[in-house]
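> Here you go, one structure.
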Ligand SMILES: O=C(O)CCC(=O)C(=O)O
């Protein structure tokens, strides 16, 4: 497989389509019946006075009652070993049982989170011709985009995005980041620093919880200055027929781990749990963390990446910032030797992240097809 230099069809900006006032969506966005969201009722904006953290992984069933675990990281570096251990255990359980969790008291400034969301909203609210200056191609995906994958005739998602490299510093090229609003580059540089620092802490917790040295995963990713981190800012415009389409198709994240800043007011992210799709209720100022395919491989499937998708709605657009925390792209990723036993042999053969991500770059989001096909080959 080689990378592709151009989109197979003229690119349509979904935001422009939505703003044209159409009452029915073009057939390219209509999904087959079995893939349509069965429930497009958005979660009501969170009422901060009702904030409660629950750790009961199986509390309630059915729509509106189940949420991914919420973990308070306040005591992560506490002198009190009992409190610290409790945080580690909660993270371990969430990684094993859900592959998804929210964190609060994570150390990233709430002001910075708010500014990061605001600058991207400002970017997307500019005239189309300004955004088109950053139009991307499938060879690197960097810039302003409206589709993932290059399959001609594919069903498209109801979203636009901006994709940029943050780490390693050699790939960070601020001239490719939007010049407007004027504060965007500075805000995103600071935001990236905070989020990448948080990512390092989470990797450390996961390493300890897997019974590995605390810097195992960070080193497997290439070490502090060599890890990969890319930001995809997703913009999901209002949609006149949200029950026929998806903002983002089902997929697991191909990289290591994702740190997502969701929209505070509009829900949309759904996580697969068995045959159900659970709509995540965002907690104000929390990040949503999820395990990607590379941690599934490194942990020899002790932790699994989990399929997720995004639904849209007819009342409000939605912005989310997904920071993908990845291994350096040319390192071989394989199950940690410590987690390979006679009873549980290595489920995956070594592969670089560069090779791995080519699949999604060509095919777009495909559920868990890629990581599952690897396990069945070895
Ligand atoms: O917008 C969201 O809530 C999820 C985004 C996501 O899954 C992604 O960018 O890969």
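The backbone N, Cα and C atoms fix where each Cβ goes, and this holds for glycine too.
A quick note: this is a predicted structure, and the numbers were derived from the prediction, not measured.
For reference, TrEMBL lists these features for the protein:
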{"type": "REGION", "residues": "31-59", "note": "region 'Disordered'"}
{"type": "COMPBIAS", "residues": "35-51", "note": "compositional bias 'Polar residues'"}
{"type": "DOMAIN", "residues": "226-327", "note": "domain 'Fe2OG dioxygenase'"}
> Can you break down the domain 'Fe2OG dioxygenase' (226-327) into helix, strand and coil residue counts using DSSP?
9 helix, 44 strand, 49 coil
> Give the mean pLDDT for the domain 'Fe2OG dioxygenase' (226-327) on the 0 to 100 scale.
97
